[in-house]
Every structure is written in C-alpha cells, then in structure tokens.
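Written below as structure tokens is the structure these notes are about.
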C-alpha cells in the first residue's frame, strides 16, 4: 500500500518523471475538470481503473491523466461500482502509478476537423505526428457520433470508376458504398489501396481520408512519401491544395488507440461530407485490426470471449462503425476497407461479420498471385451488388458474365487437362482454354504506385476501353495473338503493339539463329585448296603403291625376286 504522504503527493500531481517523454507538437492541455478529479487505483496493461470521490463520468467520456509530459487520454468503458470506472488507455501506460491524478474532460474524445487537416498526419486523439507544427482547425468533433437518420440517406446508385480493369468490369464499386478487400498476408491489399487513392484522387478530385489501423509503420511512411511525390499531399504554402488526410494508429500502438483510430478517421470524413457536401473516400487499412484491438482489451474488461476468442460484442462494435459510413443527401463517403483474413479462412468470425456490411467484395487470391498476375483479384469470388443490368447497363453486364463464364469453364477443365492433357480436349474446349488464359493475363495491370519496384509505367484504363477490349476477346478478334501479349498491359491497343513487337523479336531471333548455324557450317567445311592438296597426295600415294605392285608382279613372272640390295636374283629352288 502507498503511504499517506506519497498518496497525497501523487494526488497533487507530483509524480515520478521516470518513463516520461516530451512529445513535440502535443495538443493543448486537458480541459478543466467538469466534476471532481479522480485518481488511478489499478493499472492492468492498457486497462486502467480510476476512482472518483464525487460524480462519475459517463461511458465513453475522455479522462486525462495529470502530471505526465506525454498526454495520456483514457476512455471510460465500464462502471465497476464503489465509485470506480474502468478505462482503456489511448497511449502506453508505462510509468503510470496508483494515486496519479485524473480529470474528467466532460465529453468524449474530440479531434480537429476541416480543411486544416488536409495534408497532415494525426493520431487517435488528434495530435499531429508529422512534425509540421500544430493543426489549425476552427472546429473539433467527438469521435463517437450517431449514424445519419434514415430520412437523410440517399438511395441513388452510381459506379465509382477506379481505372483498374478487373474491378471496374467484374466487381464495380458503388459511389458512397462500402467495399472490402479480402486477402491473406502479402497478396497485395495495401498496394491496391494505394493505387485506388492515387487513381481516384487524380481522376475524380475530392478529398480522401486514410485511416491506418494496426498496420506497418513502414507502409504508412511509404504512403505519405508517395502521396507527396504524386501531388496528392503538398507541403509548405501549398498545403491547402492537398487532397488527403492521414490518421495513423499503427502496429506499435496500444490496443486502445487501434480500437478508436478508425472512428477518428471516420469523423474527419463525416465533416467533409456533412458540412462541405463532399464526396469523400475513406480508406481503412486494416479493418481486421479494429476487431483485433477490441478483442485484446475485451478479456481485461471482464467480458467472456465468444467464438475463436473474439469479444462477444464483435457485431455491435463493427456495426457502430459501418452504419456511419453512408451516402446522405448532402454528400457521400465511399469506404474501401482492407480485411486481413486469418490463415486465408473466410469463415473466421471477423471477416465473416464484415461481409454483412459490404456492397462489394474484392477477394485477393494467393493462387493467382503465385501465377505472377497482379492485382491478384479473384474474378470468380469477387462480388458486387452493382453488377446489375438495371444499374450498369446490359452491355457491361453481359460482357462481365461472359468473362466469368469462360473463366469458370476453364476452371472446370483444369482437372481434365492435368490428367489427360490438352490433346484430349475438343476443339471448342481448346478455344475456351486459350481465351480464358488470355483473359486471365489481360486482367493483370501495372500500377503507378508500384512503378518504382517493377520499372513498368502504371496504367489507368477507362471503363469504356475495358468493356470494348473484353468484347473483342470474347468474340475471337484476338485469337491469333500470343498469351504473353496480354500480360501486364493497359488497353487492348497495347496488346496489339506488344504482339507485333514479340513477332518482330521472334523473327529477328530466327534470322540470327540461321546466320549462326550457317557460319558454324562454313567453319566445319575445309577450304578447296586444302581438299585439292589432300586429294593430290592421296592420288600420288595410290600411284606409288600401284607402281610397286606392278614391279612385284613383273619380277614374280620372271621367277626372280629382289634381294636386300634391290637386285634381281633367281628364286631359290625348293
């Protein structure tokens, strides 16, 4: 137990400075206490119990610990009885001790909103973390807000063109809808999100908000640098021309920050939608980490785990976030959410619960990534409720279904091909396989954000060009072109150009091969003079041999032989 002197000192704010660090550009000090101050009674990792002598703060109220150079915000999660509230910390609790003074701000966590946030990076409590000075905003909003009323929501349906062929053709995104990117580790979710930010910002204008929830700090830094290079974010005097706000609560943050940073990003987006009437893009990478962070603190809050160890309030937590992402009569929020799939299991409770809220799903497949086809979008598993002839038109719908049919037929034939080989297929099936392989490769596309890694310039493909190209493939206009011509290109005109280039390269290689073979053959053939000399020598040798044979026969006919001196002598008598 603490001594009464020590406890009094702690309550007075005289705390040990061990573990305390000065955070540059910290937000303003805590608001004056609206009720009696409390003090820390228990610390269990990210969960802190605070005891109040007077009126208790309400659920979701923000409390601030006094005596820390680092601003430490606690959010009330439970009333425990005995004048004690249980809170979740938004930052590390290292150095926090029992008896430390805590004040109630009288409101939930509030963050700055408005154009002053554009081009800036903030954390879960609205503090800037980009070392660019304080965020200048005239308004602050609570991160806990009600979803728009049903009467305020819009029912209009319109496609958001992304410039990515496989998405626009087979699983188009709805403007003001919720889209999920499903995939395991390392199949390209973050790269696809970065490309979407790049394409939509350049093609459509408008503002974007990126919420980094529990992902790699390196990726967050890379995204920030690439946005600066591409002009989406501008620094200095031109910061007001920036098109994106970044809100980060990365892997190294405590679970409290990761559980609330998505709400902070959503609040910034809601301001642009409701006050400025903007069509806003909200990117969340990764929504699974939101669920995971709530799961981490759930047991410490005394909740009984449900399936696979997730919190029992999984559906409620996720629903509260997703219902705020919608289109109203004032503006829209289109949300693209990366969803990590644990062990590639789509039946896991976290991704399965997320499915219910989405208008479109883009499933990234490891088997397609292993073929070297990027983006590794599965054209058969990805879905969209926008793929409706009444919304996108009959032509787009028929071409999309035709492409999926060819790919499905190819998938059904793969077992036969693996066992019996291509030769056993009918001519019709062979044609289906050939077209399916071309479609599969044509669905690949070089990304602008990946240009520094691949060396291939990125491509933005208009929806009309995409539909026209796949129409030609299904009709057999490009059956004579090689498969490789369809790989990692933009429009169909690039396929034709690449096929011509490949044909010229093959012809050039054949000519070089013929020349090399003829030169090698000439090297092997001896010169005519050498051959004539060799023939002459052989003739002379043959003549000498014949002459000796004739002499021997003549001598033998005279019953004479040659002795050692070469003189004729009579044959010896028997």
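The backbone N, Cα and C atoms fix where each Cβ goes, and this holds for glycine too.
Here is what Swiss-Prot says about this protein:
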- 1-26: transit peptide (TRANSIT)
- 183, 184, 185, 186, 187, 188, 189, 190: ATP binding site (BINDING)
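The structure, with features from Swiss-Prot marked on it.
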residue: 183; record: ATP binding site; contacts (Cβ under 8 Å, 6+ apart): 189, 338, 339, 340, 341, 363, 364, 365, 366, 376
residue: 184; record: ATP binding site; contacts (Cβ under 8 Å, 6+ apart): 340, 341, 343, 344, 364, 366
residue: 185; record: ATP binding site; contacts (Cβ under 8 Å, 6+ apart): 340
residue: 186; record: ATP binding site; contacts (Cβ under 8 Å, 6+ apart): 369
residue: 187; record: ATP binding site; contacts (Cβ under 8 Å, 6+ apart): 364, 365, 366, 369, 376
residue: 188; record: ATP binding site; contacts (Cβ under 8 Å, 6+ apart): 364, 369, 374, 375, 376
residue: 190; record: ATP binding site; contacts (Cβ under 8 Å, 6+ apart): 215, 219, 285, 338
Compute the centroid of the Cβ atoms of 183, 184, 185, 186, 187, 188, 189, 190, then list the same-chain residues not in that set whose Cβ lies within 8 Å of it, in sequence order, for the ATP site.
340, 364, 369
Where does residue 190 (ATP binding site) sit in the DSSP three-state scheme?
helix
Under DSSP, is residue 184 (ATP binding site) part of a helix or a strand, or is it coil?
coil
